[in-house]
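The next block holds one structure in the form of structure tokens; read it before the comments.
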Amino acid sequence: MSYVQSIPPHDIEAHLAEHDNKSILRFITCGSVDDGKSTLIGRLLYDAKLVFEDQLANLGRVGSPGAANGKEIDLALLLDGLEAEREQGITIDVAYRYFATSKRKFIVADTPGHEEYTRNMVTGASTADLAIILIDSRQGILQQTRRHSYIASLLGIRHVVLAVNKIDLVDFKQQVYEEIVADYMAFAKELGFASIRPIPISARDGDNVISASANTPWYRGAALLEYLETVELDPTDQAKPFRFPVQMVMRPNADFRGYAGQISCGRISVGDPVVVAKTGQRTSVKAIVTYDGELATAGEGEAVTLVLSDEVDASRGNMLVAPGARPFVADQFQAHVIWFDANPMMPGRSYILRTETDSVSATVTTLKHQVNINSFIREAAKSLQMNEVGVCNISTQAPIAFDAYNDNRATGNFIIVDRVTNATVGAGLIDFPLRRADNVHWHALEVNKSARSAMKNQLPAVLWFTGLSGSGKSTIANELDRILHAQGKHTYLLDGDNVRHGLNRDLGFTEEDRVENIRRVAEVAKLMADAGLIVLVSFISPFRDERRMARELMEEGEFIEIFVDTPLDECARRDPKGLYEKALAGKIANFTGVSSCYEAPENPELHIRTVGHQPNDLALAIEEFLDRRIGGQMTPLQRPT
């Protein structure tokens, strides 16, 4: 079966113009595993005669059940293109398909149902106007049904089709259908959907997919395709204020300067005023340039180069916006975060936050609560696990321009990237800026770090000792502190155990508390360095991310990481505090090296091995290195072995 439409040559231009004027509906299919999402879209395309003959022939070659005798085709294979998907019979990646009918154009995203691939579902839902949520008639509402419904609501999808699938497997019973619809309506009343349209279907056999089925005489509503062709979208979705993220400054010659990018939303015309979001500079559009020539006006989705009437500071990472509807510019905001990674989200840990325009270092300062997707109850939590949703306060290293996600999906979202693996570990939807950021200002001080350092006749530095418990960190740091003090240096030693008696007495030894422990100490060390001191920090600090965060707080060259490398068995043999004995007996939880991991530094400034060396000798070696370092003599490191 193939779809061929005969168009007389003289009508081609009229047909293309009519096609261009059709509205576009972006929708997703979602739900639990094996609810029939891919099969439904395959059936929709097949029965609407929108599948080409070569695609049908290919289904037989990939071994779809029944294809050889022509009686049955596995329509899910039209969407499941990955080899792993076909082998396992599940959807893994997001499959996008474009098709059109006489009434409307469609872009459909077939998203995976397995919990492990929730991140892919979020990707598909982020641009959708409508969600088809499938439910297996035999199983009813499952946890993944609830999760996908909640995420669809969170991502701003306003319209839902509740496709009660496999109705044939329950003998087309109206009671089963109505019970599922009632259960879902009760669940979804808190989600704020503008419309929910229930439809009983059989994706495999085509009941109520393209046309009404004789098997469900008790259902008098529209078939699925008919509803998709006629559902009305919110008009406000088509009228957002102008937003233009600058992707590149075009400077082909001295007489031309243009700002290239894609219009996120809204429209712009030659002569319209615009504002640079971060600086507030005002100007107007002198010309709109494209590859095909200049335009008088341009709108959402178009890639253009804007030539401005004045020279302004609008480099990559900034945004040109409408003067009467400017975005927020702030470095603190509240957001809903969906966590993707197997490693939990840690408040206090430094991540990379990427928006449509910016890429900045960011920290989750507070996890306010986790959202229970079954009951929507707010629950206290210290971290977010994979596929969990939480409300967080986030702080960025520099101000970013954004809108609230509910007002503008294009400029109100972000992703969170792990600094080590560069993997996308989370996605976020901005709720609102935190006004506290506007009320706190830096106060200019007459006496600065340089003045304090000059008075002490030394350069400030932060010597960060890291290693296992019992490695000798504190012993070596204490000996070095004694040597430097004898030389008249102004120092201070921050010891892990001592700090936990005061500043960090409220923290335990869970991974979340360890992250916060190091964050606080790093901030204290920064203040002490600002006072012109040589700061010795002796903490296990087991995670690379937190040591990197501490380094980034300091000025270039100020942070010196010292890896005190002692084998675990030697640390356990020494066991000066009896902690290893307790940990190995199961009496201490989350003990580094035994029941909690230690991430060794990959490229420390100093790597010292303690076995066979006296603490005093190692302290002297560090002192010699420090003398060269803060004295400006940057000779190659002579690491003690």
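FYI, residue positions are counted from 1 along the chain as it appears here.
In case you wondered, yes, glycine gets a Cβ from its N, Cα and C as well.
The feature domain 'tr-type G' is assigned by Swiss-Prot to 22-236. Positions annotated as GTP binding site by Swiss-Prot: 31-38, 110-114, 165-168. The region 'G1' feature in Swiss-Prot is assigned to 31-38. The feature region 'G2' is assigned by Swiss-Prot to 89-93. The feature region 'G3' is assigned by Swiss-Prot to 110-113. The region 'G4' annotation in Swiss-Prot covers 165-168 and is backed by similarity to another entry. Among the features that Swiss-Prot reports, region 'Adenylyl-sulfate kinase' is placed at 459-641. What Swiss-Prot lists as ATP binding site is G467, L468, S469, G470, S471, G472, K473, S474. What Swiss-Prot lists as active site, phosphoserine intermediate is S541.
What Swiss-Prot annotates, mapped onto the structure for a quick look.
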residue	record	DSSP class
D34	GTP binding site	coil
T111	GTP binding site	coil
I167	GTP binding site	helix
S469	ATP binding site	coil
S541	active site, phosphoserine intermediate	coil
Neighbourhood of L468 (ATP binding site), C-beta criterion under 8 angstroms, separation at least six: I540, T566, L568, C571, T592, G593, Y598
CB contacts for G467 (ATP binding site) [other CB atoms within 10 A, all chains]: 28
Spatially closest candidate among G31, T111, G467, S469, S471, the listed binding-site residues, to S541 (active site, phosphoserine intermediate) (Cα to Cα): G467
Whole-number Å value for how far T111 (GTP binding site) lies from S469 (ATP binding site) (Cα to Cα): 47
Cβ-centroid neighbours of ATP site G467, L468, S469, G470, S471, G472, K473, S474, 8 Å, sequence order: I540, V564, T566, C571
Set of same-chain residues at least 6 away whose C-beta sits under 8 angstroms from K473 (ATP binding site): F465, T466, G467, S538, F539, I540, V564
Residue among the binding-site residues G31, G472 whose Cβ has the most other Cβ atoms within 10 Å: G31
Cα-nearest neighbour of T111 (GTP binding site) within the listed binding-site residues, S471, G472, S474: S471
Mean predicted confidence [pLDDT] for the domain 'tr-type G' (22-236): 80
Distance from D34 (GTP binding site) back to S474 (ATP binding site), taken between C-alpha atoms, in Å: 57
Position of peak Cβ density within 10 Å, selected from the binding-site residues D34, S471, S474: S471
